[in-house]
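Asks: Please read through the structure below; I'll follow up with questions.
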């Protein structure tokens with residue numbers, strides 16, 4: 001590397017130095033090409049960051065930067081030997097032209113390659129660019145890293161320009177209109193040819209803030225635009241439509257996420273992209289699509305549609321009225337399989353209760369001990385604990401021998417088939433969609449950036465299909481992080497056209513961030529700012545000639561006024577909310593072509609308030625624990641799809657869903673903060689609360705199973721996060737049902753939300769299903785207490801216990817038979833019947849994860865009961881943010897984490913195990929006090945052994961024994 005630095009400092013290079021320079025250039029991973037010209041640099045001084053109480057609005061028009069060619073000084077160039085440091089700019093430019101002509105003649109002389117061919121050796125590029133970038137003596141102290149960065153951009157812009165020429169995408173080489181632009185930093189661009197720096201195209205690139213852009217001039221494009229002079233867009237064969245702009249001056253007002261626009265006045269195609277490697281691909285794709293549109297036959301198109309239908313979900317068939325010929329709405333029946341299954345479940349529950357009451361009646365008839373009637377008081381608790389168990393038995397049996405067609409067809413609450421896509425009518429755009437994402441302190445590069453990349457791909461597809469989108473981030477950590485990280489986030493949001501809001505930190509000048517998890521209040525605050533801006537825009541009197549520029553200016557003024565009124569609120573970008581909201585998490589992946597399907601179904605089904613997408617899992621670390629949680633998450637989604645397809649109400653899990661903005665506004669509320677709110681801040685289950693309020697208002701929730709695993713969500717990467725997730729769910733369930741204990745004497749045990757749920761319009765069978773799900777947390781939380789009581793009861797009083805009592809061994813055995821045996825078999829059979837997997841592969845996958853979940857589910861009890869009791873007795877309990885990217889760890893770090901967070905559980909587990917050993921084997925323990933019965937100690941050992949192993953055996957970082 002030292003030889004490379006010396007080569008940059010001047011002097012005639014040695015052969016070793018040339019080789020080192022070539023190797024350094026190759027490491028920049030730039031595609032092969034040959035230098036065809038010296039790029040020009042344009043630089044716009046970045047405006048100073050404003051004070052964070054106000055922001056520059058979108059409507060503000062800052063003056064465009066002046067483009068100044070980069071001042072290259074040349075010395076000892078092999079191809080510029082007649083140029084000295086005192087040479088004028090004209091002489092240098094003449095030398096450059098001579099060099100280009102000589103290189104072109106050399107390329108034409110050698111038939112095997114041309115000046116613009118991709119097969120040019122990388123070493124030739126490196127040598128040319130190194131010669132063009134040798135600094136003069138006054139630049140000897142420049143940092144080599146900056147020089148390499150400069151080289152990288154110069155190589156790339158020249159490579160793109162060469163590809164443009166090689167593909168005959170440029171007709172005018174003067175640089176007045178056509179060429180390539182590449183951004184080095186905000187407002188700092190390289191232009192090739194150099195004269196392009198002073199063009200409207202360059203001005204538009206700066207205003208659009210694109211990473212790279214290129215013009216495409218071809219006969220295909222000219223001919224197509226000549227045929228359709230009044231077109232506002234150009235159709236492609238796959239249903240996409242590329243916008244057409246009148247002139248190059250209109251380019252800044254283009255839909256940026258289309259990443260392309262035809263310019264009618266110049267008969268050009270302009271393409272841009274966030275990734276330079278995709279720029280050529282994008283331009284070639286559009287040109288090929290135009291050819292395919294003109295030349296392809298109808299038979300080929302039908303064949304492509306048939307092949308596509310086999311790979312993905314089917315599409316709903318259109319139905320027409322035989323008399324009027326009008327299209328009929330889709331027939332979506334309400335399936336009643338779930339009603340039948342729940343009814344059978346209740347029959348089983350009644351049978352179990354009857355068996356217990358029978359034993360009580362027999363015993364009373366023998367000894368006349370009427371106190372046994374007090375067992376009847378436990379009936380509600382028994383039903384609450386065993387409802388889910390009985391429902392699993394019935395559901396698993398139905399998966400094996402019951403009907404399965406409903407899983408692959410559409411019904412009122414379930415969509416297995418894609419909707420027929422809507423199209424713009426009379427030039428009107430498709431509904432506007434806002435992608436909403438609450439964030440906190442997640443990593444920018446590791447978490448947020450990949451999510452934004454997937455969202456922009458989906459937005460690009462939807463805009464090419466005729467719609468419009470914007471991204472709205474509610475950043476709750478922006479006012480908490482340090483200045484450098486804050487500026488990096490703001491720059492990232494600006495570069496990616498993301499609107500964002502940020503609220504003050506908790507306690508700042510009396511500001512209160514309400515809620516235990518703060519997600520709901522964060523979104524409420526951001527949406528309040530959006531609504532206030534919208535209210536000001538609605539009050540405007542728009543004249544007849546109102547255009548997009550007027551709207552942008554009015555929006556900027558309105559946003560600034562709202563920020564001035566609130567003072568402490570931060571916001572920038574487009575924070576307006578569209579007709580529909582797609583809500584995601586910061587670690588979500590969005591499928592590229594999903595928005596139009598979602599909007600189409602919502603437009604055709606006005607009764608749907610929320611449509612929940614089925615989701616897959618986005619894995620990060622691929623450890624055995626994350627793999628296991630991935631399997632468990634997929635299992636849950638399979639169960640949800642089957643239950644909803646049977647006719648149950650679809651759940652709303654709080655992310656990966658599309659919401660109808662009009663419906664959300666109808667169920668808003670006001671509280672003491674005196675502004676409109678949408679999400680419940682007084683509960684950790686704001687998603688369930690929103691779902692309930694919508695259903696009470698006449699809307700339904702639907703599950704879109706046609707999404708498959710296109711939407712991807714992150715799962716817990718560590719056992720600590722997964723335990724915290726179960727604790728949060730348990731806390732939320734108790735918060736939904738019961739008031740804290742101190743409120744029982746004044747407001748009763750049940751919460752207002754629970755009362756609203758019980759008397760709501762939701763079908764009774766769905767209410768039973770929801771209650772059975774909630775009851776599992778209480779059954780899990782009570783497991784360690786009941787097991788401990790059973791140990792002493794069976795160990796000391798076996799044979800004297802009432803027949804109404806069912807010991808823990810029978811409970812444990814029943815759980816193993818139902819969940820481990822029947823559950824795994826039925827899941828494998830169902831996946832085989834609906835075509836997801838082969839029977840053997842599905843069954844082996846299920847069996848593989850049995851040991852892990854025996855330990856995990858067996859070790860949950862204390863943690864779940866802790867969360868339930870913390871709400872009931874108003875004990876303070878908090879959870880940190882979930883880890884969403886891989887972090888370094890080793891055995892020593894994990895041991896400290898285990899000791900800090902789980903030492904109490906480990907102590908109780910060791911105490912229980914020691915007690916079992918002493919009472920079972922110690923000679924000093926009296927015989928009547930010994931507990932040797934297998935029925936007593938096995939459930940006890942299983943429970944406390946799982947609690948002991950949970951944070952240790954399911955910890956991948958600890959199991960590697962690395963230090």
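Even glycines carry a Cβ here, placed using N, Cα and C.
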Asks: With the ranges 746-766, 809-829 to choose from, which does TrEMBL describe as transmembrane segment?
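Replies: Among 746-766, 809-829, the range TrEMBL annotates as transmembrane segment is 809-829.
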Asks: Would you kindly list the residues that approach the transmembrane segment (373-394) from elsewhere in its chain, counting only those six or more residues past its ends and only Cβ-Cβ distances under 8 Å?
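Replies: Non-local partners: 341-342, 344-345, 348-349, 352-353, 356-357, 360, 364, 768-769, 771-773, 775-776, 778-779, 782, 802, 804, 814-815, 818-819, 822-823.
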Asks: List, by number or range, the same-chain residues at least 6 past the transmembrane segment (934-954) whose CB is under 8 A from its CB atoms?
Replies: 625, 628, 719-720, 723, 783-784, 787-788, 790-791, 794-795, 798, 807-809, 811-812, 852, 854-862, 898, 901-902, 905-906, 908-910, 912-913, 916, 920
Asks: Which sequence-distant residues neighbour the transmembrane segment (906-927)? Criterion: at least 6 residues beyond either end, Cβ under 8 Å.
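Replies: Distant contacts of the transmembrane segment (906-927): 788, 791, 795, 862, 898, 937, 940-941, 944-945, 947-948, 951.
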